[in-house]
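Engineer: Here's a structure for you.
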C-alpha cells in the first residue's frame, strides 16, 4: 500500500465511523419514539429513511474503497463493478430525492405566501410529499436501470482492454462510455432545481416575516421566526452541501481523463464519504428534538464516567 492509500483508508475509516454513528443514532431515536407513541410525523419518517439510506450508502462506499485499494484487479470485472455502481446509483439518487422531499415539506409547512398555487400545495402537503416520495423510488429505479444498460457496453470494452486488444477504436468507445457516465449526473438536476426553489421561497418568506415582526409586538410570533430560521438553515446547508457533493462527483467521474485517475478517485472519495456525515450533523444541530436527545445522551455518559461503581449500583 502506498502512503496515499494508507491515508485514505485511515480517513475513510474515521468518516465511516462518524457517519454510521450519527445516522445510527437518528435511526435508533426515531424508532424508539415510533414504538413508544405508535405514530410518527411525516418529517420524522423522511428523516428516518434518509438516515437509513445514508448508512447503506456509507457501507457501499467503504466496500468500494477497500476493493480499490486491496483488490484493484477485481474492479475490472464487469459484473462486480456493475453491482456496486447500481446499488450506489440507486441509493445516492434516493438520498438526493429524500433530501429534496424534506426541503419541500419544510417549505410548505413553514413558508407563508398568498398565491393560490402555493396555498393549494400547502393544503395538500401530505399528498404532495407522498407523491414526491413515490416519485423518488421510481426516479432512483430508472437511474439504476440506465446504469444497467450502460454496463453491457462497458463489460465488453473491459474484456478487450484486459485481453490486450486495446485499439484506438476501443479506446474511443471507452472514452464515450465515460462521457455518458458523466452525463448520467443530469439525473440530479431536477432535485437540485426543486431544492433551490424551496430554499429561495423559504428565504423570501423569512425576510417578509421579519419585516412584519418589526410592526408587531414580540410574542408567539417569535416561534414562527425561529421555525423559519431553523428550516432555512437546514435547507440552505443541505443545498450547499449538495452542490459541493455534485461537483466532487463530477470531478470523480471525470477522473478517467486525468493524468493519474486512480489517485484522483481516492482523493475525491474522501469528500464523498464526508458528505453524509456533515449533512447529518447539521440536521442534528437544527432539529430541536434530535439535538436534545443527542446532548442528553452525552450527559448520561459523562455522569456515568464520573460516578464510582458503588454509586451506580441500585440501593437495597
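Positions of Cβ are set from backbone N, Cα and C atoms, glycine also.
Note that TrEMBL annotation is computational and uncurated.
OK, TrEMBL features for this one:
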- 6-35: transmembrane segment (TRANSMEM)
- 55-74: transmembrane segment (TRANSMEM)
- 86-108: transmembrane segment (TRANSMEM)
- 128-149: transmembrane segment (TRANSMEM)
- 178-204: transmembrane segment (TRANSMEM)
- 234-254: transmembrane segment (TRANSMEM)
- 266-285: transmembrane segment (TRANSMEM)
Engineer: To the transmembrane segment (86-108), which of 6-35, 55-74, 128-149, 266-285 is linked by the most Cβ pairs under 8 Å?
Structural biologist: 128-149
Engineer: Counting only pairs at least 6 apart in sequence, do the transmembrane segment (6-35) and the transmembrane segment (266-285) share 3+ Cβ pairs under 8 Å?
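Structural biologist: As far as Cβ distances go (cut-off 8 Å, pairs 6 or more apart), the transmembrane segment (6-35) and the transmembrane segment (266-285) touch.
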Engineer: Same chain only, please: residues at least 6 beyond the ends of the transmembrane segment (55-74) with a C-beta under 8 Å from a C-beta of the stretch. Say none if there are none.
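Structural biologist: Result: 1, 5, 8-9, 12, 16, 19-20, 23-24, 27, 80, 84, 87-88, 91-92, 95, 262, 265-266, 269, 272-273, 276.
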